[in-house]
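J.: Just dropping this structure here.
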Amino acid sequence: MTYLIKGARPYGEAAADILVTDGRIAAIGESLSATGAQVVDAAGLIALPGLVDLHTHLREPGREDAETVETGSRAAALGGFTAVHAMANTDPVADTAGVVEQVWRLGQEAGLVDVVPVGAVTVGLEGERLAELGAMADSAARVRVFSDDGHCVADPALMRRALEYVKAFDGVVAQHAEEPRLTTGAQMHEGDRSARLGLTGWPAAAEEAIIARDVLLAGHVGARLHVCHVSTAGSVEILRWAKGRGVQVTAEVTPHHLLLTDACAESYDPVFKVNPPLRTDDDVAALRAGLADGTIDAVGTDHAPHAVEDKESEWAQARPGMLGLEQALSVVIETMVEPGRLDWRGVADRMSVRPAAIGRLDGHGRPLAVGEPANLLLLDPGARAVVDPAALASRSRNSPYAGRELPGRVVATFLRGTATVLDGEAVT
Amino acid sequence: MASSTEPARGTAPRTGDPSSAGTLLTAADVGRVIDRMAHQLIERAATSDPGGGRGDGTAGLSDLVLVGIPTRGAPLARRIAARIEAFTGTPVDVGTADITLYRDDLRMRGVRALEPTVLPDAGIDGRLVVLVDDVLFSGRSVRAALDALRDLGRPRSVQLAVLVDRGHRELPIRADFVGKNVPTARSQQVRVHLSETDGVDEVLVTEGES
Amino acid sequence: MKRHLLEAADLDRADATLVLDTAAQIDQALAGREVKKLPTLRGRTVVNLFYEDSTRTRISFELAAKRLSADVINFSAKGSSVSKGESLKDTALTLEAMGSDAIVVRHSASGAPHRLANWVRGSVVNAGDGTHEHPTQALLDAYTIRQRLGRLEGVRVAVVGDVLHSRVARSNVWLLHTLGAEVTVVAPPTLLPVGIGSWPVEVSYDLDTVLPKSDVVMMLRVQAERMNASFFPSAREYSRRYGLDARRVAALADDAIVMHPGPMNRGMEIAAEVADSARSTIVEQVGNGVSVRMAVLYLLLGGSTQ
């Protein structure tokens, strides 16, 4: 299939036509024509490289009632993603070559995004002994990112070994930074609001202490560390310090931590329960600044679908997590682009180029240039819409943005030259 | 004794037809009406005295309890009692019984703050209780008051005194003592103002909803 | 009044005063009567939905509802469909389908009554949720203080003990502040929440300096399980530093009172001789609880449902 994209503005810059054929960008220029090509009118739309998510929960295998690889892939494509990293906390846990290959194959079959499995660091996410990291790296899934996400690799000796071990295949340990002894029973950010609401607090120090420890360890052994879902101003400072010292550390921030605060908990509606929890206005400001200056490398959605019964309950009984794939770009536009913190090249860098580099993905996060793989999205930046969870492609409905008007609409997504989304609808 | 069929005259308001909007009773009128009701109660107490008394009614008065229905029935009861004492030299027991928690129309109205329920130390058992209210209209307040009295004790007899009877009864209830009968349209409002609660004594008729 | 009573924090001064005044009138109307029953809520159904054992609170609400002639259903989470995993929402909808007009809920999860209020059309009364609030306890405490001292404005109240985990403390802090009292919380720093700086209270770690300046001392129950979690070194040390014994009571002003929401750990946070002394309002608090809960039920259910 050949597509002729007419009048799109790459990176929001001068309008050009983009010819896509054989999975690659064949030409970029004015007034291109091609016989037999399907023409996509992209006047006024912005073209960006396909987005890459370092942090997605697809729930398959185990909780197919909440999400499957296919439904999650569709949600990702609609959000402008061409690759997502599928977290390991499935049932069974993705801690063997067999499970990661199964997830990888399901992604290939769905064919809407590249589903890149993340391998568990420890067997069963139990934090006691290393999973077969090398076997997962050597499998068809070619795992490079390892994480016990949902759990912290709390044992410092084990964390050191994991950081060292994955150097052999250029892997990276993505840490869920949460000191478990400081967050027993924790329900929300510890501060003024938790004190009043009577919900057990999750102190910022529980995240910062682990990040501080891990950057020291990564520096000591010369390994790559990635920090998942950074949520506090203090974490940003520690990362800035570590990067200044040359530690190979990268970090991600979620869309919801860029937009929402612990004020949301006042409703006691568990749709706002997430781990790490929503923080304060000051934290949100620091995260935005950190993403703008590159201290935080990437946006990672932490897309976490949950079945209705796991959210329509008391706050303490509800599972933490919120949907993110379909609104991630909109939230970044709202919090970063419209206030002038990032331009469109910056968005491409934080949502495509750097996450692809952290995950060592070939073919993603590449520039919009002739000869490159045709992984790209077309965005209508002026569109605004109110989020309706019932209209989402995800199998779950736990969107924290329900009823909120957000800017930007993904009109089309192309994965290696094949349209996965056209006219804002998934192509199946 | 007043009759429920007594036409509205004698203290004719200055604005003409009593059922048109305006002042129905002035402060002086209210004072006269209360005096007349006090006299009627003295007479009733004398004739209803179970022991026959001394024939001057004062023995029956010690049997009498005036129970005001808040808000304005309460000061009204105190005033009538004061006039009885002034005329006879005998003090009369006074109480109040808040009927809010006995109303059958709570679901149709907003909740209201409660007012005091205070009975004389001697209680009401075996005595002649006269309920006192400002306006008799549907009769539902009186029904609620009767229910309240049932829970508060067992009087020998219960009677009813009202400053104004404006008609439109919804229950088989009538007053034994009426200060003034006033024919009204259902849509009209009859407002009793007393100096204790409103700073002035007067009875007004106004048109339409309050 | 609003439709629900979910937390003392959202009662304004007028609403809170209305509850106390209504309770006082009910008290007075029923004083000395043989028939302690009013027809006010005839035909209304009140469900006591208790996910935690609390015999005293449940009985207090039950008595309050029955004295107002409401039908009362006690729904205990134990031995019911709840223990078989029925969700709070399904339970609430079931109760409402059966015609409940009000749900009085006790739950171990903070905010559970707020969730319920989103799901049902009737009124929800919070009878204690997790470590969040217990608004009727605070109302009865305020009522008791007003009854004993004749006022709340300017009354100096010391709330002593495990403020961190106490819903009684939270409700009292907000309500007493709303009603004009001056609250000082006294506890070891481990039993105060991070963020207490935003509360309208003074904070002290030293009971002995606070007592002479207090008109009311409200002792909170200390749960035995806190001892094993290093909130304080030992029961003995806690009792020595924060327990109210006869020696400490001697430092109080002559007319100061001692309160406890119950159940007490005699000898731990409060000495038996203090609990049983003339200053103690502990028994009055129980009796006042019924009047205050009658007032709350009347104000929430008595009026128009619109």
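Cβ atoms here come from the backbone N, Cα and C positions, even for glycine.
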J.: Which one of C:ARG13, C:ARG106, C:ARG226 goes with C:ARG56, C:THR57, C:HIS134, C:GLN137, C:GLY262, C:PRO263 at the carbamoyl phosphate site, as TrEMBL has it?
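T.: Site partner of C:ARG56, C:THR57, C:HIS134, C:GLN137, C:GLY262, C:PRO263 for carbamoyl phosphate, according to TrEMBL: C:ARG106.
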J.: Measuring Cα to Cα, how many angstrom lie between C:ARG167 (L-aspartate binding site) and C:HIS134 (carbamoyl phosphate binding site)?
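T.: C:ARG167 (L-aspartate binding site) and C:HIS134 (carbamoyl phosphate binding site) have their Cα atoms 5 Å apart.
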J.: Ranking the binding-site residues C:ARG106, C:HIS134, C:ARG221 by other Cβ atoms within 10 Å, which is at the bottom?
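T.: Sparsest of the binding-site residues C:ARG106, C:HIS134, C:ARG221 by Cβ contacts within 10 Å: C:ARG221.
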J.: Starting from C:ARG221 (L-aspartate binding site), work out which of the binding-site residues listed here (C:THR57, C:HIS134, C:GLN137, C:GLY262) have their Cα within 10 Å, and give them in sequence order.
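T.: Of everything listed, what lies within 10 Å of C:ARG221 (L-aspartate binding site) (Cα to Cα) is C:GLY262.
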J.: By Cβ count within 10 Å, point out the most packed of the binding-site residues listed: C:ARG56, C:ARG167.
T.: C:ARG167
J.: Three-state secondary structure of C:GLY262 (carbamoyl phosphate binding site) from DSSP?
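T.: Looking at the DSSP assignment, C:GLY262 (carbamoyl phosphate binding site) belongs to neither helix nor strand, so coil.
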J.: Quick check: which same-chain residues outside C:ARG56, C:THR57, C:ARG106, C:HIS134, C:GLN137, C:GLY262, C:PRO263 lie with their CB within 8 A of the centre of the carbamoyl phosphate site CB atoms?
T.: C:SER54, C:SER60, C:ALA127, C:GLY128, C:VAL168, C:PRO261
J.: So which of these binding-site residues, C:ARG106, C:ARG167, C:PRO263, get their C-beta under 8 angstroms from chain A?
T.: C:ARG167
J.: Please spell out the DSSP helix, strand and coil residue counts for the domain 'Aspartate/ornithine carbamoyltransferase Asp/Orn-binding' (C:153-300).
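T.: DSSP classes over the domain 'Aspartate/ornithine carbamoyltransferase Asp/Orn-binding' (C:153-300) add up to 66 helix, 24 strand, 58 coil.
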J.: Other Cβ atoms within 10 Å is the metric here; tell me which of the binding-site residues C:GLY262, C:PRO263 scores highest.
T.: C:GLY262
J.: Checking the spread of the carbamoyl phosphate site as listed (C:ARG56, C:THR57, C:ARG106, C:HIS134, C:GLN137, C:GLY262, C:PRO263): what is the longest Cα-Cα distance, in whole Å?
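T.: This binding site's residues have a maximal Cα-Cα distance of 16 Å.
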